[in-house]
Each structure stands twice: as structure tokens, then as C-alpha cells.
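According to Swiss-Prot, the features are:
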- 201: active site, nucleophile (ACT_SITE)
- 26, 181, 182, 221, 222, 223, 224, 232, 262, 263, 264: dUMP binding site (BINDING)
- 224, 317: (6R)-5,10-methylene-5,6,7,8-tetrahydrofolate binding site (BINDING)
């Protein structure tokens, strides 16, 4: 048996495996892909942290709070041992004149096929992370990912140089004009795509208030179904909870709309392992603070009664 959250995710995986198109991609890994899909999660029935594999709530929450703070430097994430964005910062570093170590070209693929190189890569990454944590000057230069999510959410800059806080504006709109159809935040800024380590995959989200409940719909242009989507589901569910609390509302639905939803060819075995599992009851979320959403910390959040199958490792495509 599957709970409704795991069932929705499993249905996406099964459909892409069954009818998806075989495609090449930017990372040269290869994918099975479907264009256009939608999942719906009733947040009143629990918190959608998948149970057919362990998903780290700490990683989900600290990344989301990093976005909310408007931060774009991995130093904050590394303080919480969150390594989600390391590869993109590391890639910028090894291309710089500052880097003097062994050749790390195409480290993502080489580390998977060459054990000796993988040991070199792990050592260079370890040194890189340590310098980010201990050397603020180095972190400022090589830990920053450019104008990624947090910058666009909190400090969008228009053609005239005016700064606009999308997230704060949307929260005020929800409080004072809940029926508006303009409760939208966009991370896709076409004029700044080239300044980002990775263009935004989860591109735009919109809020909807009905009967005292806040719902959120995300449009995700590009979705790594195995590694990314479980995090994205939990992240935007958490965002919905935080903004609902900020606005004095209950939670409604999280609606997840996909553009290119894909399974990487080297994730197929891992997905099939997950699909063979049954699920546990979903956990619940507790927010143990009355702080503003802009001041809340990871320590203020708690996942209650989370039981899951073990995590399943798979390589990330950079």
C-alpha cells in the first residue's frame, strides 16, 4: 500500500518509465522524459516527505531558508552540512586561475568510472568545502552561485536598476488582497540567466486563497525525478506552511506542474528499487516559533513521526 503522497510520486515515475521519450541532455547522461505533468498534494493530510526512500528534511529546510534569506552563497548551506549545491560552486572554482590542483575536467562523469580519480576528486572537494567555511574572502569569491533563486525572490533588479522584493510583496498581497490572481514569484529572469551557476529549474510559483486556506502551484521547467522532485515537493510544501502561518491561514494544496520531467539513464535502477517498496504513513510538520518567515531558523522546524525506507544513492548530473 502507498500513502497518497508516495502514490502520486510513484505514478509520475511509472508513467515516465512507460511512455517517456529517450532524449539527450546538457549533461550528456541521457534521459527518459515526459513533457507536461501535474501532481496534487492535500497538505491537510500530512507533510509530503516521501517514505519509500528517506528524504532529508534538514537538507530541504536549510535550502529553502537559504532561498528565503536571499542568500546565494553555499557557505550558509555548508554550515548545516548541506552539500546540494557544492558541485556548481566547485565547477566555477576549478575553472579559475586560483585552482592549482589536479585536472578536474568533467569530474561528474569521471568520478563515476575512475576510482583513482574519484579519490582525487573527493579530496579536492573536501579542501574546497573547508576553505569556504573557514575563509570568508575565498567563500565570497568561489562560494557564490550568482543571481540564483534567493536573489530573484528577494532582490529582483529591473532594467532601470530598481530593486524589488517579490516574496515580501506577495506575502503582503496575500494578507491584504487574498483574492488577487497576482500572487506570483518568478525565479526566471531572462536577462540574468548567464549570471547563474544553474538557471532555475523550479521556475515560478503562485498562491491561491480559498476558505481560509493557502494553496501553492509550482511550475518546474526541468525536473530530475529521482533526485530533485522529492526535495522540490517537500520544499514547496514547507514554503506553503510558512507563508500560511505568516498570513494567519491554514494550508490547502500544493500543486506541482512540470515541464520536462525526466529520469536520468543512470537513475533507472534506483527508481525501480524505490517503486518496489510500500510506504509508511506520512509525517507531520511542526513550526515551533512565532517568528517572521524571514527570521525563522531550521531549529524552529520539526518533522514528527517520520518513518521511511532507507535512502537510495544515485549520481547527480552537473
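Glycine too: its Cβ is placed from the backbone N, Cα and C atoms.
Positions of the features from Swiss-Prot, shown on the structure.
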{"residue": "26", "record": "dUMP binding site", "contacts (Cβ under 8 Å, 6+ apart)": "none"}
{"residue": "182", "record": "dUMP binding site", "contacts (Cβ under 8 Å, 6+ apart)": "173"}
{"residue": "201", "record": "active site, nucleophile", "contacts (Cβ under 8 Å, 6+ apart)": "220, 221, 222, 223, 224, 228, 232"}
{"residue": "262", "record": "dUMP binding site", "contacts (Cβ under 8 Å, 6+ apart)": "16, 20, 23, 25, 31, 32, 33, 34, 222, 223, 224, 225"}
{"residue": "264", "record": "dUMP binding site", "contacts (Cβ under 8 Å, 6+ apart)": "25, 27, 29, 30, 31, 224, 226, 314, 317"}
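Take 26, 181, 182, 221, 222, 223, 224, 232, 262, 263, 264, the residues named in the record as contacts for dUMP: the widest Cα to Cα gap among them comes to 36 Å. Of all the binding-site residues listed here (222, 224, 317), it is 222 whose C-beta has the fewest other C-beta atoms within 10 angstroms.
In the three-state DSSP assignment, the secondary structure recorded for residue 26 (dUMP binding site) is coil. In the three-state DSSP reading, residue 317 ((6R)-5,10-methylene-5,6,7,8-tetrahydrofolate binding site) counts as coil. Under the DSSP three-state reduction, residue 182 (dUMP binding site) is assigned to coil, being neither helix nor strand.
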